[in-house]
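Written out below as structure tokens is the structure these notes cover.
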Amino acid sequence: QAFYKLHAISLDSTMGKDAARAEWDNPMQFVLACVSYAVGLGNVWRFPYLCQMHGGGGFLIPYLLMLVLLGVPLFYMELAIGQKMRLGSIGAWRAINPYLGGVGLASVVTSMYLCLYYNVINAWSFWYLFHSFQSVLPWAECPVNSNLTGHVEECERATPTQYFFYRETLDISGSIEENGGIHMGQALCLLLAWMIVYLFIVKGVKSTGKVVYFTATFPYLVLIIYLIRGVTLHGAINGVKYMFTPKMEQLANPTTWINAATQIFFSLGLGFGSLIAFASYNQYNNNFEKQAIVVSMVNSSTSIFASIVTFSIYGFKATFNYESCLERVRLLLLNTFDLAEDTISLENVIHWIAELNRTHPEQFASLGGRLETCDLEAELDTAVEGTGLAFIVYSEAIKNMPVSQLWSVLYFIMLLLLGMGSMLGNVIAVITPLSDLKFISRYMSTKTLNGLVCLFCLLLGLGFTTHSGNYWFTMFNDYGATFSLLFIVLIEVITVCYIYGIKRFEKDVEDMLGHRLNCYWKIMLAGVSPILLIALFIFYIVNYIQGGTPTYQAWNKELGKSVVTEYPPYAQAFIGLLLASSVCCIPLTALYTYCKKRNLASGKRERTVSTVSA
């Protein structure tokens, strides 16, 4: 009881700062901050890839169901916690239960991991943006070799866009074990990215609130421009039709449902502590319920909208490659069979292949491996996600557009703003809980704390700019957050519904909004969402165990392509550390709190015995 009383006094003194706590200028700033954070690179990269992999338009069915059953309720819960407690993630969960401060600490650690590598993507975007102001885009054609006798062999074995990304942008090593030095160009771009992030957050929520007007809205302007341009490209309709042609058999695949839930989960940014931090700057009676629904709908609508843009450009690229293949076959047939130029066209080349094979079988057989197989469906089936989609596939499509420099500049500015908007949420998720700690706020100003966090992330992030840095980037991206976030959010929803109590939570909501939780929120939070999270958590563990030794894609310059390679033992040990480090914060903090409670109780008994003896 003494421990809980002391904790309550400490909490009250912290909450006493509420009067001086910064707030958003208006509810619109909060909504835009949430939109800017939630709508990120995953909407442009991962969602189109999942649509392509899981049956096009058929994927929207499990996606929208998971949005209703999992995404919106958990989004609502985190906003409610932040607005009620008016503290960052650590303080908010300690206020709910003294033993649960580790939940907030785990969120901070996970957000810190994300900060370390996520800004590297912005550095790559700066690199591509700066190289877009050239008369010929540098990824449009292979560079000449040192002897000036031809093109660089590595580029010829790959493609110009792959060569520019892996060799010019990353200067990548052959494996994670080949370290090498820092790529100075990338290091400078990373420095620039962190300087901009610092300027965005230098005055805390006051400066961030102004920035989100731009970071949340400008990407939509670029997407609209790209949509208009995309649907007018030759072959764009092939990509859009491919996206919306449902393969309903995919609904029987459990992986489709798991990926739909995972996409919703990470797209909204649940578990990082960013939403709690954002909501802590709201006025106490702000209508977060309406905002949770609006932001969730905007995020999912953006994913679908961005997919239409992506698939229109993807259709253009696939059609361009398909017709280029047909043109090479046409020229081969014309030259081999000595036909007139206008005999064979792109429209009838397939017919002529069959006809010449029938009429001149021996001569046709002599073509051997020179005759390519052209298949538009195969081009569209080539699934690419992540950096491959953003920096290779898009770049390859852009280089074939008229006035390609303009489209390149617009595209990479959009990527930068999407990335910067997400970075604001990631950094605030780290800074807000730290600034709520007394021993930090007493001796350090907001500007100093923000600067130190940015500097710390920059120095550690330089490791991703080394020759093997991309492999470490992939490791952090694959293992740094998924496991921990599933565990964190599962603990969050169990805590709110079964430790803090759904009735107490309902009274808090009524105190803020003036009405109680309706049946939808209670059923989702107390029943459906926890069950889905447990299923996701179990699936992840089983999938990780069955996957065997972790692997990564290593660039082979001799082959001009990526090859699957197993992580070395020390890298596998580091993966285990990534998986466990943030999750361990929860039980270790609870154990520390328990020991502290026992020490306080023991000290009180000793003082009592001493007084009686005296």
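Just so it is clear, glycine is given a Cβ too, placed from its N, Cα and C backbone atoms.
Copied over from TrEMBL:
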type	residues	note
BINDING	Ala38, Val39, Asn43, Ser267, Asn299, Leu418, Ser422	Na(+) binding site
TRANSMEM	30-48	transmembrane segment
TRANSMEM	60-79	transmembrane segment
TRANSMEM	99-120	transmembrane segment
TRANSMEM	182-201	transmembrane segment
TRANSMEM	213-237	transmembrane segment
TRANSMEM	257-281	transmembrane segment
TRANSMEM	293-314	transmembrane segment
TRANSMEM	409-431	transmembrane segment
TRANSMEM	452-473	transmembrane segment
TRANSMEM	479-502	transmembrane segment
TRANSMEM	523-542	transmembrane segment
TRANSMEM	570-595	transmembrane segment
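A map of TrEMBL features onto the structure.
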| residue | record | contacts (Cβ under 8 Å, 6+ apart) |
| --- | --- | --- |
| Ala38 | Na(+) binding site | Ser267, Leu268, Gly269, Val295, Val298, Asn299 |
| Val39 | Na(+) binding site | Ala216, Pro219, Val298, Asn299, Thr302, Leu418, Gly421 |
| Asn43 | Na(+) binding site | Ser267, Asn299, Thr302, Ser303, Ala306, Leu418 |
| Ser422 | Na(+) binding site | Ser36, Tyr37, Gly40, Leu41, Tyr118, Gly269 |
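If you look at the transmembrane segment (213-237) against the transmembrane segment (99-120), you find fewer than three C-beta pairs under 8 angstroms, all six or more positions apart, and that falls short of contact. Those same-chain residues not listed among Ala38, Val39, Asn43, Ser267, Asn299, Leu418, Ser422 yet with C-beta within 8 angstroms of the centroid of the Na(+) site C-beta atoms are Val35, Tyr37, Gly40, Leu41, Gly42, Gly269, Thr302, Ser303, Gly421. In this chain, the transmembrane segment (452-473) lies close to the transmembrane segment (182-201): three or more C-beta pairs between them fall below 8 angstroms, excluding pairs fewer than 6 positions apart.
Around the Cβ of Ser267 (Na(+) binding site), 23 further Cβ atoms fall within 10 Å across all displayed protein chains. Sequence-distant neighbours of the transmembrane segment (409-431) (same chain, 6+ residues past either end, Cβ-Cβ under 8 Å): 33, 36-37, 39-41, 43-44, 88-89, 107-108, 111-112, 114-115, 118-119, 121-122, 125-126, 128-129, 132-133, 193, 196-197, 200-201, 204-205, 208, 211-212, 214-216, 218-219, 222-223, 225-226, 269, 272-278, 390, 394, 398, 449-450, 453-454, 457. Note: the stretches the transmembrane segment (293-314) and the transmembrane segment (523-542) are not in contact (fewer than 3 CB pairs below 8 A, sequence gap of 6 or more).
Among the stretches 30-48, 479-502, 570-595, the one making the largest number of Cβ pairs under 8 Å with the transmembrane segment (257-281) is 30-48. Contact between the transmembrane segment (99-120) and the transmembrane segment (479-502) holds: at least three of their C-beta pairs are under 8 Å, each pair 6 or more apart in sequence. For the transmembrane segment (182-201), same-chain residues at least 6 beyond its ends with a Cβ under 8 Å from one of its own Cβ atoms are 119-120, 122-124, 126-127, 130, 169-171, 207-208, 211, 420, 423-424, 427-428, 431, 450-451, 454-455, 457-458, 461-462, 464-467, 469.
Looking at which of 60-79, 479-502, 523-542 has the most CB pairs under 8 Å to the transmembrane segment (570-595), the answer is the stretch 479-502. Cβ packing within 10 Å was compared across the binding-site residues Asn299, Leu418, and the lowest neighbour count falls to Asn299. Within its own chain, the transmembrane segment (479-502) is flanked in space by residues 74, 77-78, 81, 93, 96-97, 100, 103, 106-107, 109-110, 113-114, 117, 262, 265-266, 270-272, 517, 522, 525-526, 529-530, 533-534, 536-537, 540, 544, 550, 575, 578-579, 582-583, 586, which lie at least six positions past its ends and keep a Cβ under 8 Å from the stretch.
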